[in-house]
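Following: one structure in structure tokens, then a few remarks.
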Amino acid sequence: MSRKAPLYLFLLLIVVSPMGIDIYLPALPQMAENLSTPMANIQITITIFLAALGLGQLLAGPLADRYGRKPLILSGLALYILGSVVGSLALQIEILWFARVLQGLGTCAVSVGVMSGVRDSYSTEKTASIYSYINGVICVIPALAPLVGGWLSETWSWRATFYFMAGYALLVTFIATLKLPETRPSNTIASDKLINWEQYKPILQNSTFRFNAGLVMLAMAIIIAFVSVAPVRLMVELGMSPTAFSLWFGSNAIINILASFVAPIVINRIGQSNSLKLAIAMCTTAAILIVALQNVHHPFAFMGPVFIASTGFCFTLAICSSSALAPFSERAGTAASLLGFFQMAGASTLVGLVNLLPMGSLQVMAFIMALPLVWYGVSKLITKPKLCEN
């Protein structure tokens, strides 16, 4: 029989995901110089991490359903620690790439275990609020991690950021080993094969899942696009210092934190369907504003629309993550892994493809911000899916 896991454990565990992206961002130039490699090779480490995080979902979900949430989470933490140590010792860029693969796969296992554990531990009515709180904690890290990473890299070197990741994961491993219960329900359906495409069929055939997973993917694409465009826009084009960049970058995290904790209140008051329409309207408004203000050379002309879109992102994730998983209590791990695949691998691939279009960085941002409205409209016309499961 499964037991309910405390929320604080899920919050501690999920931190490893955004930390793996944000803490070493201020150290990227130092890393390129130290490893004698072009900056583009260092930037690829972000894409590698996200790709491993997304692709690993397809294996992590079945593992969670077969062996349980706790073994998957502990194994993921071990991989994350190993990747962090390897990264801290890397002398060639190829070793760093390999380390990021390990970190991405470890993060994937932890994330799937957490998402499945939430679905196991809380009722359908509560999951939207729980996911919003988790998203709020995720959003704290971009506010703090660049500042911590900048201090670590300036005081010691960029390698200290990887030691920090290893140390945090080691501490959380100790806590999880002692306090995390196994939450997998006794009626969980586990496939005979770990990679069995048939197990994804009933999930992909569900129009509610497709609709909500698509919106989760597009919302995440907005954030990934922001992370990739912000350093260019703020530091290169507007001439900001790394410290000023970290403060502006972190200010969006504060907006996300506030939005994540306000979202459950708004959702409870006006309902999930109306809240989702509001979120899509925010993203569309941000797309219009970021183009309209592109010739205004002030950081707020860029960050203002980002604040609006990020608020829409928080609402969308809170609503659509729970809605996508709601129909699949008997295979929550597999459904969570497929959702994570779309959210990370799908979103990062989409951003990469859009970047190939002959558009400037701000036009890329606007294009991606407008996609949730397109998906909403097309889905409503063609399949008429349920917006969410109340």
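Every residue, even glycine, has its Cβ placed from backbone N, Cα and C.
Taken from TrEMBL, the feature domain 'Major facilitator superfamily (MFS) profile' covers 6-384. Confidence in the domain 'Major facilitator superfamily (MFS) profile' (6-384), given as mean pLDDT, stands at 86.
As annotated by TrEMBL, transmembrane segment applies to 7-27 (among others).
The transmembrane segment annotation in TrEMBL covers 39-60 (among others). Outside the transmembrane segment (39-60), and at least 6 residues removed from its termini, the chain residues within Cβ reach (under 8 Å) are 17, 20-21, 28-29, 31-32, 72, 76, 93, 96-97, 100-105, 107-109, 111-113, 194-195, 224, 227-228, 333, 336-341, 343-348, 352.
Remote same-chain residues near the transmembrane segment (72-91) are listed as 13, 16, 20, 35, 60, 63-64, 98-114, 117, 159-160, 162-163, 165-166, 169-170, 172-173, 176-177, 180 (criterion: CB distance under 8 Å, separation of at least six residues from the stretch ends). The annotation transmembrane segment is assigned in TrEMBL to 72-91 (among others).
Taken from TrEMBL, the feature transmembrane segment covers 97-118 (among others). With a cut-off of 8 Å between Cβ atoms, the residues of this chain six or more beyond the transmembrane segment (97-118) that come close are 5, 10, 13-14, 16-17, 20, 44-45, 48-57, 60-61, 63-65, 69-70, 72-73, 75-84, 86-87, 90, 127, 130-131, 134, 162, 165, 169, 183-184, 321, 325, 332-333, 336-337, 339-340, 344.
Summarising the annotation, TrEMBL assigns transmembrane segment to 130-152 (among others). Long-range contacts of the transmembrane segment (130-152) within the same chain: residues 7, 10-11, 14-15, 17-19, 22-27, 114, 118, 122, 160-161, 164, 242-243, 245-246, 249-254, 256-257, 260-261, 263-264, 267, 314, 317-318, 321-322, each at least 6 residues beyond the stretch ends and with a Cβ under 8 Å from a Cβ of the stretch.
Residues annotated as transmembrane segment in TrEMBL: 158-178 (among others).
Residues annotated as transmembrane segment in TrEMBL: 211-232 (among others).
The feature transmembrane segment is assigned by TrEMBL to 244-266 (among others).
Only residues 6 or more beyond the boundaries of the transmembrane segment (278-296), in the same chain, are considered here, and those with a CB under 8 A from a CB of the stretch are 219, 222, 266, 270, 302, 304-306, 308-309, 311-313, 315-316, 319, 360, 362-363, 365-367, 369-370, 372-373, 376. According to TrEMBL, the feature transmembrane segment maps to 278-296 (among others).
The transmembrane segment annotation in TrEMBL covers 302-320 (among others).
Here TrEMBL flags 332-354 (among others) as transmembrane segment.
As annotated by TrEMBL, transmembrane segment applies to 360-378 (among others). The list of residues near the transmembrane segment (360-378) in space but at least 6 beyond its ends in sequence, with Cβ under 8 angstroms from a Cβ of it, reads 211, 214-215, 218-219, 221-222, 225-226, 229, 232-233, 279-280, 283-284, 286-288, 290-291, 294, 302, 305-306, 309, 312, 316, 350-351, 354.
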